[in-house]
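Note sheet for the following structure.
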Ligand code: GDP
């Protein structure tokens, strides 16, 4: 096991090979649970297939899927020398965007799977755009199903060109993208360089994953700690709990909670049932602040330094992507916004610009409506006080999901906050 941890998203168009690739990564890194291997080995032997083959496992998975059993590729884990990877929810999974935004499964990096025989497809575009909006740092592009195109270099090059164009359109830094010709099914260039692609001398997929930069904890930023719950504990008093998104909290710090607008000095910080003098990004903490009672603060508040308090928005401007909406969205629409631990009804006060999601350019000023597939810049007015930050300043607190009728209908990032 390695020390460093990475959350990895596997994105790409349906049927381009995401599940197969996850299966392959687990298999090559020895991460398929022993009992699963054992079961498939036994079945394979019984059926005279002899030995345990990756293809046999995947065949079985395919059968399971045909029987309507969902194969959950999320939350699978595997390790390289450098990192322990957790595969986070994939787009298409119902709550992917919501989970990414609320931090439940914020991915650091992503593998984009593009089938060599199909190239850039609609969901390739959508997922790349979402990945960009949601702050994925680096992309590794697996040009998959190379076996289907006879491992032809020219086909690989064509797909690379197509994907590079797409990345430039959404302003992804293409210098940081690596392209690898793979076959998830046959195993080419996953763990070992493949003889079938002797024209390729770059990294295997596992090498590329191992060489990803370490996710840098945002310790230098100002403290932002969204409150998840507030408890009363005898002997201590009021104990808000939550995960530090950015910055550092020390005992003795002067803090405020916004939008509740109360504050005081941090008396104690507790983590894993032990008192600690300070806590950092990623730490789940309970703490106690002098003079704060249970009814003074609530879930959805953000704790920050008194001299650099969390912003409270009168209105804010944001870029959103509409993923699924049965009809059209017009000014005046008031769905529920999920941002960090807050859930607040907000009115889309005006739709300022419609953007072309594939070029990032303005397609229409002041459109009358937007619908599924559209990207837009909108002005939003929270119906109750909401603490939120510009994504350019504190990305961890600068994105949100819009939910209505039990589903995530749009996601966005904050461009500008007009404070109260
Ligand atoms: P997902 O929808 O992106 O998760 O795609 P799947 O992993 O379910 O794959 C879709 C289909 O493509 C399945 O029938 C897979 O067996 C097949 N497939 C996936 N990867 C490869 C590959 O590298 N080569 C070939 N020939 N088929 C593949």
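A Cβ is built for glycine as well, from the same backbone N, Cα and C atoms used for every other residue.
So that you can see what the record holds, here are the features copied from TrEMBL:
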BINDING   12-19, 89-93, 144-147  GTP binding site
BINDING   19  Mg(2+) binding site
DOMAIN    3-219  domain 'Tr-type G'
Close-lying binding-site residues around ligand 1 among 18, 19, 146, where CB distance stays under 6 Å: 18, 19
Cβ neighbour count (within 10 Å, all chains shown) around residue 15 (GTP binding site): 14
Cβ-Cβ neighbours of residue 18 (GTP binding site) (radius 10 Å): 26
Around the Cβ of the residue listed as 'Mg(2+) binding site', the count of other Cβ atoms that are within 10 Å: 19
Average model confidence [pLDDT] within the domain 'Tr-type G' (3-219): 81
Integer Å distance between the CA atoms belonging to the residue listed as 'Mg(2+) binding site' and residue 12 (GTP binding site): 10
Spatial separation of the residue listed as 'Mg(2+) binding site' from residue 146 (GTP binding site) - C-alpha basis, Å: 16
